[in-house]
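Colleague: The following block contains the structure, expressed as structure tokens.
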């Protein structure tokens, strides 16, 4: 292990000088530790990661926590390896930071194995080639944009349309119905939300099946850039060593890009389009290519994607799009109608929505639902100008069914029970397809539209209509 010394501190970027022939490799972790000498000082225990070699035996590093109190001349020790984090059963039910240190005020105990956060993606020969659907119990997702085991799913939406709540519901449903292991990576989001999620999962009893890793908004960009890799490394262990199907939740993948942009600017790289880092596509690819199904198990990733100013052409969401198997688009106009989850049934897509994967019946029902909703969208201008009376009888029927379908796509969430007062619903895929098929066939045209709002199956809508009568 080589020793060096700090020669320059620029916010979260630290330059360290080493002796000739002892330069640490790129991605190596370097420890800077210093005991307080006087009452006003604080102990320093900082890990930095090597980002570039500057020449003249200097390396430029990025700090994983605050650099407050750091001064030139402090000793820095090269650990000789990349940042390594605990993996395995010891991580379940616990909350970690980017370095794999517990932040839930409990002792970690004996760590049997640590894995480096920088690893290669699985080889092509190791990857699985079959496509299997992952049932979520959320009607609009299962019907119109089904998720794939081992796939990458993007949850798109602007501020405040329900990305985090939808992610919380998915964690809950997968844990309760499938008994699956989840890893949650909180990347650059609100600490309050992370705290709420921890307590909600504890109360719901799903925490023992979940590992949580946080690098939140208040942390330096180095931590926010690497925390997604920490979570992914924990998930990969369960896939590769235990052959499990793991869910990796990333909230929010945009903050990963944003942190990369900050680090890139601090390292002095020339910015690219809209001020993003020139290495945007490479960084995203290195993360996303590790998320896949192998012959042993799978890592299915659900990533919340903040869309800056609702602009889908922004380089950050646009780069992420290229890696996704399914997209769930949350739309503000649907949220304003009071319909949650506010999923846009026409903009959300999945490559699994094909007859040879989901079956002919499911495919036909899903496409018919989209066809009716698309026709309703086209008629809205006419309705706004001339009113419903000017429509043909066929179009009036389409509008009536579309409005019922639109409301039936809403659903009460388990994680929102305390706010809404409505018990959450998990709707099996078979029930979802059957219920929508009945609406399409016109069996329930006589029921009031309000009966379809926040119910699970079609039978619940019929019961609700009786109560409303």
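Residue numbering: from 1, along the chain as shown.
Yeah, the Cβs are placed from backbone N, Cα and C, and that goes for glycine too.
Small disclaimer: the values here were computed from a predicted structure and weren't measured.
Just lifted these from Swiss-Prot, have a look:
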type    : residues                               : note
BINDING : 157, 158, 159, 160, 161, 162, 163, 164 : ATP binding site
Colleague: Given the binding-site residues 157, 158, 160, 162, which one is most crowded in terms of C-beta atoms within 10 angstroms?
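Modeller: When each Cβ's neighbours within 10 Å are tallied, 157 tops the list.
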Colleague: Taking the center of the Cβ atoms of 157, 158, 159, 160, 161, 162, 163, 164 at the recorded ATP site, which other residues in this chain have a Cβ no more than 8 Å from that point?
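Modeller: The surrounding set, listed in chain order, is 306, 330, 335.
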Colleague: Residues with Cβ closer than 8 Å to the Cβ of residue 159 (ATP binding site), same chain and 6+ apart in sequence?
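Modeller: For residue 159 (ATP binding site), the qualifying residues are 306.
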Colleague: Relative to the Cβ position of residue 163 (ATP binding site), how many further Cβ atoms are located within 10 Å?
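Modeller: Taking every protein chain into account, the count is 25.
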Colleague: For residue 158 (ATP binding site), which DSSP three-state class applies?
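Modeller: Going by the DSSP assignment, residue 158 (ATP binding site) belongs to neither helix nor strand, so it counts as coil.
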Colleague: Can you give me the same-chain residues 6 or more apart in sequence from residue 161 (ATP binding site) with a CB-CB distance under 8 Å?
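Modeller: The answer is 330, 331, 332, 335, 342.
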Colleague: Specify the count of other C-beta atoms within 10 Å of the C-beta of residue 164 (ATP binding site).
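Modeller: So the number of other Cβ atoms within 10 Å of residue 164 (ATP binding site) is 22.
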